[in-house]
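According to TrEMBL:
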BINDING   G124, V125, G126  S-adenosyl-L-methionine binding site
TOPO_DOM  1-38  topological domain 'Lumenal'
TOPO_DOM  60-71  topological domain 'Lumenal'
TOPO_DOM  93-119  topological domain 'Cytoplasmic'
TOPO_DOM  141-183  topological domain 'Lumenal'
TRANSMEM  40-59  transmembrane segment
TRANSMEM  71-93  transmembrane segment
TRANSMEM  113-137  transmembrane segment
TRANSMEM  144-164  transmembrane segment
TRANSMEM  176-202  transmembrane segment
Amino acid sequence: MNSVASGPDCCRGLGNINYKKADLSVMTWLLHYVDPSDPSFVVAILTIAFGPFFWNVVARWEYRTRRLSSVFRSPYLACYSLGAVILLLNVLRSHCFTQAMLSQPKMEGLENPTTYCLGLALLGVGTIFVLSSFFALGFTGTFLGDYFGILMEARVTTFPFSIVDNPMYCGSTANYLGWALMHASPTGLLLTVVVAFVYMVAIQYEE
């Protein structure tokens, strides 16, 4: 969501982070440059939080009731429809993320070629993780097909799952971090922290 990973057991890597060791001084530094009351910032927070909440609730509702499969008369069509909605929500999230960055000032210390290249590299790595995860899982594997009774023959262990347990979530987070650095945006960095936190919560819930 953008991307989502498949199934209850596919997202663990981000959950291994020790929250107690987080450097709160970074958050304090970011808040000196960010206006949390800005409407575009609030909307970005809401769209970031809503996506994982939505797809987890809907997937579990489908698993218990099979209502979507019944309405669409096919578990595959129901899964494709949910996947399309998730993709649209991810597009909306990215748009709101960008608008929030553009509405607040850049930081001069981040406006340099080194930071830009680092951001570009993170964006490239994140995109590789997201796309390779999608190709490894397929559409139904990516978009919660197991909740619709569409099961894969075996757990995927090839790249990028051979490197990290949650390549979709890790890749998506890397994309947002890279995008924020390329824009020299403290607001983008703070929103990336929110993205990572929401994914951590989603991982715990999915497991």
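Count begins at 1; order follows the chain as displayed.
Including glycine, each Cβ sits where the backbone N, Cα and C put it.
In TrEMBL, annotation is done automatically, which means it is predicted and not curated.
By neighbour count, meaning other C-beta atoms within 10 Å, the densest spot among the binding-site residues G124, G126 is G126. Looking at 113-137, 144-164, 176-202, the range that has the most CB pairs within less than 8 A of the transmembrane segment (71-93) turns out to be 144-164. Sequence-remote contacts of a segment are chain residues at least 6 beyond its ends whose Cβ falls under 8 Å from one of its Cβ atoms, and for the transmembrane segment (113-137) they are 2-3, 5-6, 152, 156, 158-161, 164, 167-168, 170-184. Helix first, then strand, then coil: DSSP counts for the topological domain 'Cytoplasmic' (93-119) stand at 20 helix, 0 strand, 7 coil. Secondary structure of the topological domain 'Lumenal' (60-71) per DSSP, as helix, strand and coil residue counts: 11 helix, 0 strand, 1 coil. When DSSP labels each residue, the topological domain 'Lumenal' (141-183) comes out as 22 helix, 0 strand, 21 coil, counted as helix, strand and coil in that order. Each of A121, L122, L123, T127, I128, F129, G171, A174, N175, G178 belongs to the same chain as G124, V125, G126, is absent from that list, and has a C-beta within 8 angstroms of the C-beta centroid marking the S-adenosyl-L-methionine site.
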